[in-house]
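Accompanying notes for the structure given below.
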């Protein structure tokens with residue numbers, strides 16, 4: 001009994017542990033190993049619970065669906081095995097453990113780039129299901145029971161993971177130092193592990209710490225209840241259940257300068273000589289211990305964090321992207337985390353507890369992603385925030401399905417937020433001075449308007465009486481055909497000009513666009529694609545616009561500099577036959593692009609989806625205008641732009657029935673430019689064939705289903721009239737339609753050298769459009 005007691009340090013503290021922290025020796029959606037072979041892993045947000053790993057000397061076993069994780073790992077060694085999907089992760093010295101998402105079995109692996117680093121569970125425990133797992137410095141303890149079960153308590157198993165003396169590889173074996181008759185008979189709710197000790201919450205109440213080094217922790221009997229535990233190598237910190245304050249035991253240097261009593265936390269992580277926690281109010285990270293914490297991100301909230309020896313990584317709450325920083329004073333990371341979306345928490349059976357919300361996967365704007373968990377009945381419960389970081393104010397409180405919303409102080413427009421943002425002294429120093437400023441602005445504006453009217457009265461008559469002089473805007477848009485008239489006998493020159501083009505892009509506030517789209521609600525949605533969602537919006541001044549909102553995947557896979565470069569180019573290009581960018585917003589990490597609204601939908605809708613049919617005169621004008629838009633992108637835009645996805649659904653019709661080319665992007669590889677330009681020509685030829693025949697590009701109900709395969713042989717035989725759309729009455733003069741067929745056939749030739757340029761096509765189709773006026 002004395003030997004047993006020497007191995008066992010028992011503290012019956014009235015302790016409640018509903019979920020562990022994400023620290024060393026505990027478990028969470030992100031974890032880190034220690035030592036010279038340190039590496040990190042996190043559970044991704046794909047809905048498959050795949051594991052992403054990165055580290056300086058880590059040979060990625062490449063998760064089945066994550067191809068980019070290895071790109072951020074310094075080691076170039078490739079491994080031939082996969083890490084299975086996990087429900088939870090926990091890190092030790094040079095290895096990580098987890099619970100498999102499908103079987104609840106334990107799985108441990110190291111940083112070694114071979115299968116020998118993947119068998120770190122003794123045979124006796126490999127088929128056992130576990131509900132909790134905690135990797136210590138060189139041992140692992142786990143609570144028996146199915147992870148997703150409503151009953152998450154059970155007896156524990158412990159085993160040792162040590163280094164072989166001959167080749168420094170890791171091996172797993174049972175460890176009698178952690179076995180005790182008292183421990184084996186107890187039922188645990190949770191478990192955490194450190195260097196030579198483990199601590200767990202007992203189902204009947206209290207906490208038990210056991211192992212060779214457990215007596216060094218120096219626990220004192222207390223009646224406090226605790227919510228979260230994190231174990232360092234020689235210390236433990238816990239979050240009080242009611243006050244959310246932190247208490248620590250063990251090695252003093254690990255928790256020197258620990259948080260003040262008024263600091264409240266929801267999560268903890270531990271390194272060898274430090275602890276870090278996520279604050280309850282604004283979800284920012286605060287650290288303490290014997291390290292340098294000057295590099296902690298300020299103004300950023302986190303969902304989960306994990307620490308190795310000198311690096312802390314976390315999952316940002318605003319976009320679920322990984323962020324890492326040093327805690328030893330060095331500003332240079334030895335490796336960067338991968339650009340992947342990570343799970344904000346662990347999947348579990350609901351409902352969520354008080355002061356928690358169920359994370360909604362739809363906010364990631366990922367098509368077909370409805371849950372972050374492999375089992376759809378499970379959910380990720382995240383702690384609610386109650387306050388915001390400096391520079392933001394609380395605009396919406398936490399609900400059952402969403403966290404609180406923080407809005408930049410730059411958007412503060414009333415007294416409810418001015419106190420928080422401290423705007424009284426800086427923005428509203430004196431009411432009378434503010435009124436005087438408004439008066440000066442009003443008088444100045446009126447005087448300017450009067451001056452403009454006087455100048456206009458003098459200058460405009462001279463312009464009107466000088467028909468031979470054209471201004472720059474007229475020259476720029478003189479080739480545009482405006483609103484089509486149903487009277488086809490009207491001369492082409494008398495067709496009304498296209499609407500004016502917005503001369504510059506506007507910077508919008510996020511709040512403006514949220515209001516304009518009714519909070520980006522589904523009933524405002526116009527469409528969706530790989531970039532994100534497109535919403536119909538009505539601005540405060542009554543203008544109708546289309547707002548394209550990038551999804552999270554687009555944001556993290558697009559370099560910020562690349563986006564800024566593309567945005568600068570899009571802001572500067574203007575033409576009456578493209579959908580022009582009106583403005584943008586990048587507040588709160590969003591990427592919102594505001595475009596002209598096209599009320600008559602797409603060409604595809606009118607040709608194939610039962611919308612109002614288009615007359616032959618209008619179809620040919622649309623063909624010509626589309627060619628003009630592509631010609632501008634190819635030859636006049638700076639730098640020139642290759643569309644890359646020319647199709648009838650990317651030809652939009654504005655309020656005047658003018659064709660506008662939409663959804664064009666940039667090409668960065670100069671080696672592919674010529675090929676891509678010819679691809680634009682080919683795809684434009686397919687659009688011409690759709691206009692001519694009324695058939696889709698691919699129609700499985702037709703034989704042959706490919707429109708090019710069906711039409712080209714007929715056109716080359718001189719029988720183009722046989723493929724003309726029969727749902728529209730043939731005009732008296734079919735010659736323009738036959739010319740249109742010939743132009744389309746040139747575009748879809750297999751040899752790019754035989755294809756015309758967009759300038760040639762625009763010129764030819766302009767002549768065809770003139771001939772079409774005598775239908």
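Cβ atoms are placed via backbone N, Cα and C, with glycine included.
From a predicted model like this one, the values you see are computed outputs, not experimental measurements.
In Swiss-Prot, the annotation transmembrane segment applies to 440-460, one of the ranges 377-397, 398-418, 419-439, 440-460. Each of the glycosylation sites 292, 414 was scored by other CB atoms within 10 A of its CB, and the lowest score goes to 414. The secondary structure of residue 381 (disulfide bond), as reduced to three states from DSSP, is extended strand. Among the glycosylation sites 241, 328, the residue whose Cβ has the fewest other Cβ atoms within 10 Å is 328. Residues within less than 8 Å, Cβ to Cβ, of residue 398 (disulfide bond) and separated from it by at least 6 positions along the same chain comprise 355, 357, 384, 385, 386, 404. Among the disulfide-bonded residues 384, 388, 406, the residue whose Cβ has the fewest other Cβ atoms within 10 Å is 384.
The closest partner of residue 102 (N-linked glycosylation site) among the recorded positions, by CA position, is 360; the full candidate set was 328, 360, 388, 406. Note: the CA-CA distance between residue 328 (N-linked glycosylation site) and residue 360 (N-linked glycosylation site) rounds to 36 Å. Less than 8 angstroms from the CB of residue 360 (N-linked glycosylation site) sit 401, 402, each of them six or more residues away in the same chain.
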